Amino acid sequence: MGNNMATHNEYKSLLFFIRKFKVIEPDPPQDLEEAFSKFTGGESHMSVEQLHRFMVEHQGEEHYTLSDSEKVFEKVLQERKTCQETVQADHNREHEITLDELFRFLLHNDFNAPLKAQVHHDMGAPLSHYFIYTGHNSYLTGNQLSSDCSEEPIIKALKRGVRVIELDLWPTCYKDDIKVDHGWTFTSPASVEKCLECINEYGFVASQYPVIITIEDHLTTDLRAKFTEMVTRIFGEVLYYPGEECLIEFPSPESLKNRVIISTKPPRERFESNQIKDNSISPLLNESESPEEESFGDASPNSSRNEVETEDTNGSDRDEGSISASEYDQKPYLECSPDYKRIITIHNRKLKGCLKEKLRTEGEVRRLSWSENTLEKASESHGADILRFTQKNILRVYPSAMRVKSTNFKPHIGWMYGAQMVAFNMQGHGKSLWLMQGMFRANGGCGYVKKPQILMQKHQCGNEFDPARIQSVKKKTLKVKVYMGHGWSSDFTPTYFDKFSPPDFFTKIRVIGMPGDVAKKKTKVMMDNWFPVWNEEFEFSLSVPELALLLIQVKDKDQGRDDFAGQTCLPVSELKHGFRSVPLYNRKGEKFKSVKLLMRFQFE
């Protein structure tokens, strides 16, 4: 390898001078040379059996077999045959590989990825025991005010493994049909039928585990019946619902494989009143007719000033359906659109009263929807109650109404308190979305990640786990070594980063997780090099590695703002040991064709 791969880049400089820069692909790192020598006994070639030992003992691949090693050798032999310099290779070495060949193998993402590609978490627990890959306003193509509504963003999200799709359902102008739209904005509507059909077609392309459709319901009684007919016709047996049964515990992802479930508030219901003449029943209000629930502006004047506000003010994403705790137990009310209510599996239901009462866990399981601001305020005084609630029930957290450009909040604000549905604008981009994508690369990318045990433990009052407090538990040390970068010269033009010279790459590494685990490091800058070699190691001390994410960015150093050159985010608890090829992604989370880092991960 090494100098045999040398080429030259030419750049124009001032006064029309031409500057030449040698481009040399890097040699195997010294750590790999030492490991190679250890497993070959100092020989220059590695056998199938030695590769097997290397993968099991050094790389920590417990289930790696001799058959897997033989497949690697087949791949190496294919590459030999395509290389002119090795056509005359010694045939006696056909069942052995060199250090350079092992190095090239380790740079393949497909064979040497940093994460497991298979589902490996226990999928038999209730839905409330999992973080779920959740979209917000899944039908929007851009910003929250004026972009188009379409089924295309839904298809894109499902292909990426998103498991929760949100639809806002509104009557059309003549109230004779249903549209998907972002209410009180200038967005153009989409067809609800097309949205449902694309969920049916693409829902299980990336994952077999259940697709949850969260509905923001602004429909009339007749249109709810029409929607029920549409849903049952399109999904058929794929649609799961418990019928008239009251769920005391949610079903598991495993039991709901290849099923679609609906989550929304039950239809508006009213109690019988003794003041109604002739014992007649008062007209039933639709949600869209409720001034308290659907209007812009301040909360109801009857709400307590001492109570944390649990509704946003944009007329969207509200925690619908407010009833008192006593009413919730007695249920002496009359039903509206019973067929519609029957297809709802996860009921979005808020109890009246103080915040502690709203978070009570007795009785039927349910879902709450809070804005990011509501969760932040509530967690300051009721963190233990929120954790207790999310052990059995589901909490959905959505972006603030002020994020009109479809930006996102830091998802850990929800995950630390066990919120299962941290809803994100998937059409946006930025660090927060990278963290979301990183979290759900765990567990084979199936869209469901089992919550760590620390969030599920039952604690005595006064001894609860507090996510906001730096933990005084025994910590683990994660060692991360960044060897080199590779692939930019293939994916970018010579002048993409700098007009007059090759790029000056450096790597930034951050740990995002519990407050005491947050840290950041960066490598030195490698000047004028398309194949940067850093060979730098960093250590991170972690109290809750199960909630920690490793955010990796590569940048090109500039006098002004540094140029973006790639990113990835990896769940720390899922990292494989040893030398790993780490693929990088663009700002939108799309994988580069060739760009990668060679890194090493170790836990102590």
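Numbers here mean position along the shown chain, with the first residue as 1.
Backbone N, Cα and C atoms are what each Cβ position is placed from, and that goes for glycine too.
Remember, TrEMBL labels are computer predictions, not curated facts.
Source: prediction; values computed, not measured.
What TrEMBL lists as compositional bias 'Low complexity' is 279-288. For 369-455, the entry in TrEMBL reads domain 'PI-PLC Y-box'. TrEMBL lists 459-586 with the feature domain 'C2'. Taken from TrEMBL, the feature region 'Disordered' covers 271-327.
In the domain 'C2' (459-586), the DSSP tally of helix, strand and coil residues is 13 helix, 59 strand, 56 coil. Predicted-model confidence for the domain 'PI-PLC Y-box' (369-455) is 96, expressed as mean pLDDT. Per-class residue totals from DSSP over the domain 'PI-PLC Y-box' (369-455), listed helix then strand then coil: 40 helix, 15 strand, 32 coil.
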